[in-house]
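Read the structure below first, then the notes.
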Amino acid sequence: MAMGSASCISLVLLVALATAASGQLSSTFYDTSCPRALATIKSGVAAAVSSDPRMGASLLRLHFHDCFVQGCDASVLLSGMEQNAGPNLGSLRGFGVIDSIKTQLESICKQTVSCADILTVAARDSVVALGGPSWTVPLGRRDSTTASAALANSDLPGPGSSRSQLEAAFLKKNLNTVDMVALSGAHTIGKARCSTFRTRIYGGDTNINAAFATSLKANCPQTTGSGDGNLANLDTTTPNGFDNAYYTNLLSQKGLLHSDQVLFNNDTTDNTVRNFASSAAAFSSAFTTAMIKMGNIAPLTGTQGQIRLSCSKVNS
């Protein structure tokens with residue numbers, strides 16, 4: 001009996017230590033304090049994506065741009081600051097969707113569900129809404145009181161990145177090369193602005209399918225400043241379906257961004273791209289693993305930070 005209780009205590013201790021190590025995130029965090037939290041976020045995302053499929057990609061990108069800058073702390077949602085950084089200015093969207101969900105949650109559970117958690121769950125729900133895989137999201141992140149445009153400029157990889165630059169940017173966040181290739185697969189949905197792929201289609205890159213490049217020129221003039229904001233689908237095959245077509249496109253040199261095609265360019269990541277192109281299950285598994293890892297980057301927990309009342313500003 002004594003041994004039984006001793007082993008029981010050590011098990012409890014182990015669980016407590018494991019929880020502390022992962023920053024106290026738990027998938028059941030709101031089960032008691034706000035049982036309708038997840039359903040409320042899901043319905044808000046479903047409505048937004050149903051009226052504008054691109055919104056799914058926008059919310060997923062918002063979460064990525066949040067986590068890569070001082071961790072998944074909703075710093076990207078604070079007005080100004082990070083929103084004015086190069087990788088974000090004029091291209092981040094979805095703030096209104098998050099604000100609307102936050103307003104609903106405040107009406108049912110006051111100052112309980114963080115903006116950081118809303119964004120993390122919304123990213124998962126966006127993928128699911130567009131036909132992608134689901135995963136269990138650990139919860140309990142708190143919101144930052146600060147944001148950093150400087151870190152957004154330095155830590156977010158850009159569309160002109162090389163494979164080694166992408167690897168380094170992700171490794172800095174403890175995400176390995178397979179995670180990086182899998183997370184790049186988020187470009188199976190969404191659109192990019194002409195200014196991000198102009199150089200690639202007008203002779204800057206040789207690793208591009210000629211007919212594909214020609215098809216993009218009609219809506220993306222060569223002159224800088226002309227049509228900069230014109231959009232093209234990141235995945236021309238199934239633009240609004242979350243699948244592994246992104247990788248199949250890379251095999252035929254139809255990656256839209258330079259940073260997409262570098263993943264399949266007679267280089268070390270070629271075999272991972274081939275694997276994901278041939279197996280939707282392999283991609284889904286790697287993507288969900290990487291999303292959970294990314295969602296766990298440096299969260300504020302316990303008494304750190306705050307639960308913002310409005311996602312765009314720090315509590316007064």
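Note that Cβ sites are derived from N, Cα and C of the backbone, with glycine treated the same way.
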Between CYS8, CYS34, CYS194, which residue forms the disulfide that TrEMBL gives for CYS109?
CYS34
Could you identify, going by TrEMBL, the member of CYS194, CYS311 that forms a disulphide bond with CYS220?
CYS194
Bond partner of CYS311 - disulfide, per TrEMBL - picked from CYS72, CYS115:
CYS115
Identify, in sequence order, the residues in the chain of ASP66 (Ca(2+) 1 binding site) that are 6 or more apart from it along the sequence and have a CB within less than 8 Å of its CB; answer 'none' if there are none.
CYS72, ASP73, ALA74, SER75, VAL76, LEU77, ALA116, LEU119
Among the recorded positions CYS34, CYS67, VAL69, HIS187, THR188, ASP235, report those whose Cα falls within 10 Å of that of CYS194 (disulfide bond); none is a fine answer.
none
Over the span of the domain 'Plant heme peroxidase family profile' (24-315), how high is the average pLDDT in this prediction?
97
